[in-house]
Amino acid sequence: MSKPRIGIVKKVLSGNVLLLRNRNNEEKEITLSKVITPRLSYRGNPDEPFAWDSREFLRKMVIGEKVKFIVENTIVGYRGNREFGQVIYQDKNLAVEILKAGWGSLKRNEKKKFDEEEELTEFEKQLVEAEEEAKESKIGIWTQNKKKQQESIRKIETSAPKETLLKTKKFKGIVEYVKDGSTVRLILLPNFYQIVMYLAGVQSPGFKREVIQQEANDSDDSDEGSDDDSDEDEEEKEKKKKTKEIVRWVPQPYAEDAKMFTENKLLGREVQVTLDGQDKYGIYYGTLLWKNKNIAEFLLKEGLAKVIKWTISTPSYYHNLRKFEKICQKKRKNIWKNWKPSPELEELEEKQAKWWGPHRPREFEGTIVEIVNSETVIVRTKIIQKQQTKKKTKSKEKFVEVDRRISLSNIRVPRVKRNEVVPFAFEAKELLRKHAIGKRVKVYVDYVMEIKPKKNLQQETTEKKETKGKKEENLMIECATITVGDLNLTSMLLQNGYGDVFTKKEITTDNSQYLSTYMRISTKAKKQRKGQYNKKYKPSRINDMTRQNRKKSTNFLKFMQKSQKMSAVVDYVLSGTRAILYIPKEFCLLTFSLSCIKSVRREHGLSDEVMRFTKDQIMNRDVLVSFESVDKRGTFLGTIFVNGKNLSVELLKRGYAEVLDFLARKSEFSDVFFKAQEYAQANALGIWSEKYYQEPEEDENEDEESYMDTLDKPITEIIDTRMSITVIKSLSHIFVQDQRRKGELEKVNNYLEQFNRGLKQKEPIDTAKIKKNLYCVAKFPHDKNLYRVKTLFVDKKKNQCGVKYIDYGNEDIIKFSEIWEYDQKEIQKITPLASVASLAFLNLPPEDNEFYQDASQLLYTLTYEKDLAARIVREKDSQGKMNIILIDDTKDVDEDDEDEDDEEEEEAIDINEEMVKNGLAKINAPKSELTQINEYINNLYELEKEALDNNLGIYQYGNVYREDFSKDED
């Protein structure tokens, strides 16, 4: 008998066999001596009665615990030595405890010894007493209840039904075997299903299978000395040799450590199992919780596994695992010992860390309020916003509603385009609208795409004060997985064949977690020839009537008035009372306005609130429409009903509109309209509230009236000159240098050159003299040359000020040390050489208009670094601007073309006409006594009509803008 030793129970093999390990992870199998327990199933044989209960009794008692053991004897066998002995846990002998509980019995040879009344040891006496006690109590294997005996035999399911397991998902289980750090074999309770399972989201180093081939000679050693053997040729000897294959499993780096770690945590333990899915080889994957702790996270923390994406069921779980993996990567622990970070991945994660936060959660719930196109929606959700209180230490939190523009990830869907038939674009958008608009959705942003915005060509020639020192920001597009209940919107579009799957291959994390599913669905749709894969499909053309004139709209009105109410879909909301409708019955798009009411204009303080309300009510919704008449612009007038409610009444109730008396009295809804307005007035709502009702409308129109008075004065004279554009501050605010002041410009330039030569001997201006509206000389930071400037503001804390370069019109921020005083009063008296001008007869898009960028680019392209002919219509209008017509009459002549005739010279380009021709300007025609001007204006109107007919620029949705670029509300 050996000395007592200490070990830890690694696994309980049966009711009387334990696998122990020591501190050095050396293993020893111990069989409890003198005791026998029922056998578990082995090689197809079923369990003996109570075999499982016997093992479970011992497993629950000692698994993972420290025990003392004494080896009493060893039996040598061909399979190895088998050691028998005693195991003591907390001063209790396990053999005695098993017999007491009735889960075992004494061996036959031991019983014979006891019956012969040989001298017994203390241990043997305890065994006999324990067995007798269990027999008397009829517990465990000593029960006489045959039903219990039969029920105790397990029915082991080796091939578990996939549908049943994945439907139930959550089980209790016992880990029976650990293949490697992330792969285990389990018994699922209570049905005893046996499965092999991966840990979802992680992969540990494994064991590589290697086959070693050895050559062995089959010739008999006893025949080696025979004559026949000696006479054999070498070739015949080689034929007699046979190849023997030896298979061995070679561990990859840290594979044994990972396996040992998982064994120490899970082997023989009862765990909570959640099954997420099954791979093509029939192996399940999911999560294992032991003591409510995820073993996958432990492996990542120890650097014994890496994150894999395809087995992860939820995005939040992926990013939780990545958090642990990143910590271990930075520590260079175990498998990450030689890890080198990818610059692209680090940059992506830094950007995402800044992008996400409480103000912009990555995973959220919301309501879809708008379908922008076939793959982009607007989701309204609530975020937490902190509000600073009077005490700086405290801050309040409140929920604020925000709209987030979200695109579907990893899919490209055909988009609807005006005047162009795009197959399946309309069908895809309509499918998305029917299943998503107004629905509560779950959103998980998979990645953020960065798109470089179009360069503002105006900023290439001048550096604005607001953009100085700031890095140009890219446009960020959030791409996400959106689900309505159990319906994945991306999967829905792919199932119908309305999109193609694409992947972002630059960085592995930049893809949806469902990418493999999307690819499988897309492949299936191709095989079934659905949607865009159906070659026999003929797209239906939608009649776009948004640009119709009054005559055509009036002719079409009688078809619309055949039924009192016609079904329609709101395609786009233009303002509080105007929208573009799609009429399914007629396959047409048209512009529609609510009749008998008038809402606020765009510049009104309530306009955003009114627009938001109208969008919430009807945007992309199914509505009923009654048509009444057509206005002078060809817009259809009538009433919209949504969910049984009159939209006009709802606007009037909330004070978002007012009744037009002269029209409303003829309407069938006149009584309802006036009652709704009276309710809003009585409760001081909307435009009738004190805040908005007392706004002085006369003061708002003073500038407009004075401007119109100026326009009423007829044009009597045109001045021809040449000009060059120096800065385009905005489309209605252009700085030009007039060639009529060429002499003054040369004088200023000569003075500044001379001033620059003696600059080293001159001291910068005294900072005490620097104040607002000071005229002086300063350096331009980009070319280090001197120019005349005027100070706009002064910041003495930073020793800098904002200046305007008065001879060119651009602005910048410069230091005090780069400013000097004039030393010649004559130069100081010369007025600024840059004059403010605007293109005559035109109203151009304001900066907040969607076509401002296109108009700016065209104007810049036509005028950049060119000496232009100019016709001055007015020296000064009501806003102090010069109204001009610009003409590009420069000639691009090559060396080979110098001798060609004048007839082949290029025609001059009228820049004002080009802006109108491309649909990027509205005409604002004044009175004129000059025939030449009247003919020019008539020509502009013809160009405007062509742009409207061709649906160019601002006429994309028809004539929806007034002359001042506010959207028509009437």
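The chain as shown is numbered from 1 upward.
A Cβ is built for glycine as well, from the same backbone N, Cα and C atoms used for every other residue.
The stretch that TrEMBL tags with coiled coil, taken from the ranges 106-140, 141-175, 526-560, 736-770, is 106-140. Secondary structure of the domain 'TNase-like' (564-690) per DSSP (helix as H, G, I; strand as E, B; remaining residues coil): 40 helix, 45 strand, 42 coil. Helix, strand and coil counts under DSSP for the domain 'TNase-like' (3-144) come to 47 helix, 51 strand, 44 coil.
According to DSSP, the secondary structure content of the domain 'Tudor' (769-829) in residues is 9 helix, 28 strand, 24 coil.
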